[in-house]
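So that you can see what the record holds, here are the features copied from Swiss-Prot:
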ACT_SITE  Asp154  active site
ACT_SITE  Asp307  active site
BINDING   Asp213, Asp215  substrate binding site
TRANSMEM  60-80  transmembrane segment
TRANSMEM  386-406  transmembrane segment
TRANSMEM  409-429  transmembrane segment
TRANSMEM  504-524  transmembrane segment
TRANSMEM  525-545  transmembrane segment
Amino acid sequence: MAMAGADGPTAGAAAAVRWRGGESLLLLLLRWPSSAELVAAWGAARASAVAPALAAASAACLALSAMLLADAVLMAAACFARRRPDRRYRATPLGAGAGADDDDDDEEAGRVAYPMVLVQIPMYNEREVYKLSIGAACGLSWPSDRLIVQVLDDSTDPTVKGLVELECKSWGNKGKNVKYEVRNTRKGYKAGALKEGLLRDYVQQCNYVAIFDADFQPEPDFLLRTIPYLVRNPQIGLVQAHWEFVNTSECLMTRIQKMTLHYHFKVEQEGGSSTFAFFGFNGTAGVWRISALEEAGGWKDRTTVEDMDLAVRAGLKGWKFVYLADVKVKSELPSNLKTYRHQQHRWTCGAANLFRKVGAEILFTKEVPFWWKFYLLYSFFFVRKVVAHVVPFMLYCVVIPFSVLIPEVTVPVWGVVYVPTTITLLHAIRNTSSIHFIPFWILFENVMSFHRTKAMFIGLLELGGVNEWVVTEKLGNGSNTKPASQILERPPCRFWDRWTMSEILFSIFLFFCATYNLAYGGDYYFVYIYLQAIAFLVVGIGFCGTISSNS
C-alpha cells in the first residue's frame, strides 16, 4: 500500500508534465551541458577554428599595414623632394601675343593669348549656394568675349530652377556670356549633365573647360594662374587647384574632414603630380584641355566617380596632370553626419567599382610603360582605394579587440603601435596646425572605416547600391550667421531618428572586449578599445556634426 501510494503521486506528476507539453523541456534540461562542458567545448573550438582564423586575419592585416606604411613613406618623400610645377613647366603670364609665334596682327595675337574658356557649373536644387558659384564664375578676370559660363541646372524644384535662371539672366544683363541649360532627365547625373553641356554648338569654339561644383568660389585670378600651364605645355591635359574650406570651424567633424582632405591634396595629389604627373581628378576646381577630355572618351556615367574615371582614361592616353597647391578655391565641407556618410559611400564605392572595371584595361594597355601601370594598379587603386579602407576597420576595430578574447593570438607590438604611429606622424607633418586634433581624427576615421569598408566591397563586387547617388547637401557660405535649421527651413527631427544601430551594437561589442581585457588581460589594450567604443557610440547616437531634419 505504501509503495502504491508513492507511485501514484509520481505517476500523476509525470502525467501532468506531459499534459502541459513539458516532457521535452525536462529532457532538454537533463541533457543540457554543464558549465564545465561548455568551457571545454569553447576551448576546443577556439583552438581548432577561431584562433587560426584570427591569426590569419591578423597576419593579413599586418601585411596590408606594411603596404600602407610603405606607400605613405614614398608619398611623403615625393612631397618633401617635390619639383615645383613652375620649375618643371612653362607658365609665364598670358599677354598680347604670348603663347604664339611672332605675329603683326595684334588682335589675332590677343585672341591666342586669351583662348576661349568654358566654365561649367553643374547643380541640383542648390538653393543656398547657386549665387555663390555663378557670381564667382562671372567675376573671373578674363576677357568677357573669351569666356562662356554654362550653368547646367538639373534641379527638380521649380522654385529653385526659377531662381537659378533669374540669376543667369541678371548676369547676362551685366554683359556676361551666361548660358542656362536644362535637361529633360537626370540621366547620368553630374556626368550626364557635363557631357550634354559639351555638345552645345557654342562650345566648339572653346579650347579649355573649367569645372566648379555649386558651392565652389574661385578667386578672380583663377584662370590667369591655371590656363598658362595648358597654353604653354601641350602635353598637359588637366590642371587641378587646391580646395579651401569656408566652414572648417563649424564643428569637430568639419575640422577632422579638413585634416583628411588636406593630407589628400598635400601628399597624394602633390606626390602624384610631381612623380608620375598623374592623380585622380577631384571633379571640381580644375581645368581640362577639351581635346584631352575628348580623346579620353568624354564623360562616362558607369560609376559614381566620373571624375576619377575620366582622369584614368586620360592618363592611359599619355596626358600629364598638374596640381597647383598655391591656387586655392573656397568650398564647403558637409557638416551633417548623414550627408557625410552618403558622400563617403559614393566616393569609396565608386573608386572600388572603377578599379573593377578598368583593372584589365590598365594591365593590358600598351600606351603607357610598365612602371606607370604598376603605380596605377598597386599604389593608386589597390593600396589607397582598397587597403586604406580595410585595414583601419579590420585591424583596429576587429582583430585587436578579438585578440583580447583569444589568448592564443597575439598581435605584435610593431603592428599595434609602431606602424600606425608612423603613419599618423606622416599625416601630422602635413597638418601641423591641426595636430591637437589627431586623437579625434584617428577615432573618427576608424568609425568611418566601418562604412567605407562596406562601400568598398559593394563597389568591388557590384552589389546592390553600387550606383547610388545622393547629392551632398550644402548650406551656403560658412560666414553665414544663420543657424542651419533656419537656412533649411525644415522641421526638426527627433533625436532617435539619427540613431544608427550598427554603430551602437559595435560599440557594445567593443565595450565588452575592453572590459574583458581590463579584468583578465595582462596588457593595456582596454584603454584604446574603450576610447574606440565611445567613438562608435557617439557616432551611433548621432551626436556628431550639425543637426538638420535630414540627420
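Glycine too: its Cβ is placed from the backbone N, Cα and C atoms.
The model shown is predicted, which means the values in this text are computed figures rather than measured ones.
Projection of Swiss-Prot feature records onto the structure.
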| residue | record | Cβ within 10 Å |
| --- | --- | --- |
| Asp154 | active site | 23 |
| Asp213 | substrate binding site | 22 |
| Asp215 | substrate binding site | 25 |
| Asp307 | active site | 22 |
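Asp154 (active site) and Asp213 (substrate binding site) have their C-alpha atoms 13 Å apart, to the nearest angstrom.
Taking the Cα atom of each, Asp215 (substrate binding site) and Asp307 (active site) are about 17 angstrom apart. Rounded to the nearest whole angstrom, the C-alpha distance between Asp213 (substrate binding site) and Asp307 (active site) is 12.
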